Amino acid sequence: MSQSTIKFDLGELTTTQCARLLSKFIRKATLTPEQFEILNTSYDELTEFDDHPLYGGATDHHKDIVGKYDHALLKPAVYQQLRDFATKMESSSWQQTEIDAESDIPTWEQISENERDCVRKVLAFFAVGDTLVKDRIAIFADEFPLPECKDFIDWQTVNEGVHQRVYNNYLDALVKDKIYLADLVNAYKDPEFAPIKKKVDWLGKIISVENDSRGEMVVGQVCTEAIMFAASFAILLKFRAPYMRALVLGNEFIRRDETLHFRFYAELLRLMPDRPSDERIAELLTEATEIELEFAEYVVPEGVKYITKDRLIQHVKANTNQVCEMLDINPIYFDQKGNVLLSPLLYMNTLESEQKINFFEGKATEYNTKQYKVDFNNLFPPVKKMIEFADEEEFIAAIVEGEGLSKDRNKDIVKQQLCLAWDHLSSHDMEGLVDMTWTLKDVHRIAMNHVIFNNGEFSNGYKFTVIDSGKVMYPTYETVEILESAVQGLIDDYNRDFSALDKGVEKFDKDKIRVAARFILDLLYIHPFSDGNGRTARLIMAHLIGKMTTPINREEYLKSIYHYRQTGDVSVFVDQFYR
């Protein structure tokens, strides 16, 4: 390079660009005094905190600054909490081969085209988004050279690669038109798919070597992990209802991973001496949220059975409020009364998704094999009535159903599953009607998950309840198909009777309760499941009558059931739900 004066306006460059020019040209170019001063000032700004331990400065354990290969020695850690994140990620590692995407094809072919279109767009964004993240996180290995940081980032890189392959497997299995698939995956470059393009563009801009703020890049990564995927996870995990098991299981794993990624970068942000101001962090969170809201509006068409736009939008905003809480800044979104906005989606109630257990399989998606326990004091959102309902329902199940809750069972699991089952019932307006799958089998599948092995499945076996040292027998059926036909007959009778009610008369509520009670009592008589019939019936009854309560007096509850069997009178049973 010739020793000529550099021809550019240094005042228009970012500090990062100035520092690069300094390192590249300082010994090869002739600088004017003014140019040298600008470069020198920029360099001082960038290196102001370079002696901080987080950026590789000397510590009591490391007498010298961190060198290029010092991460070969992982101990002692300067920040043990960051090392713990890496250890946790290692212990949670999994492989794409654990997810059989093709097993969902039969269900995929049964859902509506609107639902398929919604899922395709979400999967396409995830495939691109995870690729982008994997490509960009190397930046943080340079910015945070500590061994514990590099260790986590190494694991995250592998982790994101697994995510990328899983989403590609989903797309390959579920989208047979490969030309359309190519267009979908390239949507981030097409203005026609503006919300997807805007998300990818924003992420590419904020997490970039051209960004002159190390702190803003970390906030951008926080937004990526905790906000930019919020609507997508809420959509895909809702498809547990039609039993797309591979789709749900894979996204439970991935959401768990992204939660850990978020917590790592949130902790990194907390430790940074040059952390952006709370106001600037809030600005970036708001930018990311508004882009995610556009995506939520775009990706969910009308007529998608399991998702509504208004609930999804509220969830995205509430999710950002929780991110604010975990970053120790003020919430951003409020309702019309000035209260902090909370998520209406209980199944997405916490960023701590490591607490979740998969809905379908015996394999847990939490990080280790320690006994699963939920901190209900920190449940998000704190729906007090729902938790009270679950407390009462867990209690009545224990005293009425006996062996359904053994002493060895973790009751917190039961309580969480009851909350999830209630949210499932509440998340779609069936207009008072009952559906074999949605209302009955799904509720039992969720409520009894990890309590019995055949949750959600009818059992035509020998069933009885022990009451006062005596056995109460239930009908037996030669085959499950005959049993299912009997239950379907009850459902058809209920739907017919409910539809015939005059909704305009004053006594409609009383008539509705009477019809619902008769259906529930007849269902209890048939006893279609091997266990958990009472729990399931009480959840459905509370939903049908619109009152979140459950009976808690064992003797009176049982008497009301037998009173109906002897007299056909439902009033005593109804009274159990109106105390």
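Cβ coordinates are placed from backbone N, Cα and C, and glycine is handled just like the others.
With Glu160, Glu258, His261 listed by Swiss-Prot as binding Fe cation 2, the candidate from Glu225, Glu292, Glu294, Glu297 annotated for that site turns out to be Glu225. Take the Fe cation 1 site that Swiss-Prot assigns to Glu160, His163: the candidate from Asp130, Asp135, Asp183, Asp190 listed for it is Asp130.
Each residue in Phe126, Gly129, Thr131, Val133, Lys134, Asn159, Gly161, Val162, Gln164, Tyr167, Ile254 lies on the same chain as Asp130, Glu160, His163 and has a C-beta within 8 Å of the C-beta centroid of that Fe cation 1 site, without being one of the site residues. Sequence-ordered, the extra residues of this chain that approach the Fe cation 2 site, with Cβ no more than 8 Å from the Cβ center of Glu160, Glu225, Glu258, His261, are Val133, Gln156, Asn159, His163, Thr224, Phe229, Asp257, Thr259, Leu260, Phe262. Here the C-alpha separation of His163 (Fe cation 1 binding site) and Glu258 (Fe cation 2 binding site) works out to 10 Å. Per DSSP, the secondary structure of the domain 'Fido' (435-579) breaks down as 84 helix, 10 strand, 51 coil.
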